[in-house]
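Q: Just passing along the structure, written as structure tokens.
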Amino acid sequence: MSRETPESRLESRPDSRRAIPDRLSTPGARLLRSWEALLLAVAVAIFVANCFASPYFLDPWNLSDATFNFTEKAMIAFPMALLIIAGEIDLSVAAIIALASTIMGMAAEAGFGTPALVLVGLGVGLVCGAVNGTLVTRFGLPSIVVTIGTMSLFRGIAYIILGDQAYTSYPPGFDYFGQGYVFWVISFEFVLFAALAVLFGVLLRRTSFGRMVYAVGNNPMAARFSGLRVGRIRFLLFLMTGLLSGVAAICLTSRLGSTRPSIALGWELEIVTMVVLGGVSILGGAGTIAGVVIAAFVLGMVTFGFGLLNVPGIVMSIFIGLLLIAVIALPRLAARLAPRRA
Amino acid sequence: MKLWKSLLAGAAAAVALAAAPLATTAANAADQTRIALVVKGLGIGFFEAANKGAEEAAKELGDVEIIYTGPTDTTAEGQIEVINALIAQKVDAIAISANDKDALVPALKKAMDRGITVISWDSGVAPEGRAMQLNPSSTPLIGNMIIKLAADNLPDGGDVAVLSASATATNQNAWIAAMKQVMPNYPNINLVATVYGDDLSDKSYREAQGLMQSYPDLKAIIAPTSVGIVAAAQAVEDAGKVGEINVTGLGLPSEMAGHVESGASKSFAIWNPIDLGYSATMIAYNLAKGKATAEPGAEIPMGRMGSVKLDENTEGAMADPFVYDKSNIEQFKSIF
């Protein structure tokens, strides 16, 4: 992975008044930069272990099925990564899925076709994102508090609308998003996941907007004095997260072929886990989309690999917890040892 | 970077070593019929008991391996991940108690497309997602059982009353109607009243008190609801009428254990999860081996539990509700 130094990039931009490094230059900085390399090694190790552990792992169809374990969550993990890099968080994403799915179900019941349902899903996502964004930026409330609140609010509305009922009458053709295949074993969801990965990767690394996100996360005050419209950037990020939650809602609803208000329950923490495992600093200011992509594969493969061995889910949770702590702790341990060499 | 490499190599080796024995068991199992018992969530007593029944069936059949699995949280998404993993392992049959009757349909359809026998038990799946559904019991069987339990303890006959859930509760009304249909078989038993406790403990308790005051000759209260039966038993105990009035109906062993001990309830009924797991396994085996087909009107054998007859929705009832009394309540009260 070749990279320009942040300094050279900023110098090339005449409008930036001061250089804001995308990472704090601690002694562990060099090691931190190889985070993706470390994660990739973990992914390869898990892949190899899975191949040894189960004769069913290396099968194109099985691997294709396995991707559904993470594609929808990863779609939200991308904008979530940007949001966390900018020093904010959105815990209402799973509730947005529930609300978007419920309203799509209502629209389907009312006889709307697939294109309209997609628009409804995206629209609800955008509106929910705008609610979060407004509360955080206009009223200056902490995002963790706001989104814990809207988490209950959005899912609460879904429960009021549906109760213990379910929407099941989706039009023919709607099942393509969650159950369709573009080519052989390559599912539509996987293609969408890959496209979004590239899109967000470019957005974060190759555009000035991406640089602004890092700047806001590293030091919002400095960013504001540097002339960045911090509130607007944050608002856009919440909007983006809402929109992508809408996209995930379309895929998940299509895959399940039905909506219940308990849909995607507990996903917000799995998505945050994916982002943090991907090397995004929970304190903001650092992280890459490549890391999140690899983390998505790692989590998907761990879930599927353990599933193939019929390991109880609770053991899986323990393993993922340990993996998370290990991956977070290792660079810090290494950083303590590093100064001697530096 | 040396530190990374050694740490990683160590971790990879540990994972591979831990996985090696598992790989060999998977390979050995290839010639066995593998039946996956998928439950709503792991760590629930009712389902652990069903697994006991499944293991019993596997032992009886000989060439069966039971894969007992389910998500940690009782969600449809969690069960779909489990189903995908089972499809990948090419298991022979899946017997599932569903968290969501609709959301699992696409995943289970895929399983059936790939040649896996799929049945649902306990909590069913919509017809297009399974070959058949095994209900623990049926309305006529439950209706008959609740009046039989009352009559068995009243050799000379007498007055009985029903304490139901709400007046609009579909299940309870169907069971009571079925009970009334078989009442002519019990000529000495006289049904004096049906009251409704709305499945609320305090209201059920007051309704039970009211019954005792209004009908001094009352010999039994039949409560076909797990809330009502506990409240009625408590009311009988508090009124000091243990031995005079017998409380029976449908209840949970864990909640009823104390009242069976006190004598307020001589016996009550509910489905037996062990039998349910056993029967589901037997049916899954017979369907997977082609010894039976799941179609309306078919009869599928299920070992010691006899056979199940399928209706037009390919649903079938396992058996009479299982009777719990002093002899077995200790064993079951810790299960569910």
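Residue numbers in this text run from 1 along the chain shown.
A Cβ is built for glycine as well, from the same backbone N, Cα and C atoms used for every other residue.
OK, TrEMBL features for this one:
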REGION    A:1-21  region 'Disordered'
TRANSMEM  A:37-58  transmembrane segment
TRANSMEM  A:78-100  transmembrane segment
TRANSMEM  A:112-132  transmembrane segment
TRANSMEM  A:139-161  transmembrane segment
TRANSMEM  A:181-204  transmembrane segment
TRANSMEM  A:235-257  transmembrane segment
TRANSMEM  A:314-335  transmembrane segment
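Describe the structural context of these features.
A: Sequence-distant neighbours of the transmembrane segment (A:78-100) (same chain, 6+ residues past either end, Cβ-Cβ under 8 Å): 120-121, 124-125, 128-129, 132, 136, 143-144, 147-148, 150-155, 157-158, 196-197, 200, 203-204, 210, 213-214, 216-217, 220, 233-234, 237-238, 240-246, 248-250, 252, 261-268, 271-272, 275-276, 278, 280-287, 289, 292.
Beyond its flanks by at least six residues, the transmembrane segment (A:112-132) meets 90, 92, 95-96, 99-101, 103-104, 143, 146-147, 150, 154, 170-171, 173-174, 177, 235, 238-247, 249-250, 253 of its own chain at Cβ-Cβ distances under 8 Å.
Within its own chain, the transmembrane segment (A:139-161) has Cβ neighbours under 8 Å at 83, 88-92, 94-96, 98-99, 101-103, 106, 128, 131-132, 238, 261, 268, counting only residues six or more beyond its boundaries.
The list of residues near the transmembrane segment (A:181-204) in space but at least 6 beyond its ends in sequence, with Cβ under 8 angstroms from a Cβ of it, reads 60-61, 63-64, 67-68, 71-72, 74-75, 78-79, 81-82, 85, 210, 213, 244, 247, 251, 255, 288-290, 292-293, 296.
Tertiary neighbourhood of the transmembrane segment (A:235-257): same-chain residues 68, 71-73, 75-76, 78-80, 82-83, 86, 88, 90, 93, 96-98, 100-101, 104-105, 117-118, 121-130, 132-134, 136-137, 143, 168, 170, 174-179, 189, 192, 196, 213, 263-264, selected by CB-CB distance under 8 Å and a gap of 6+ residues from either end.
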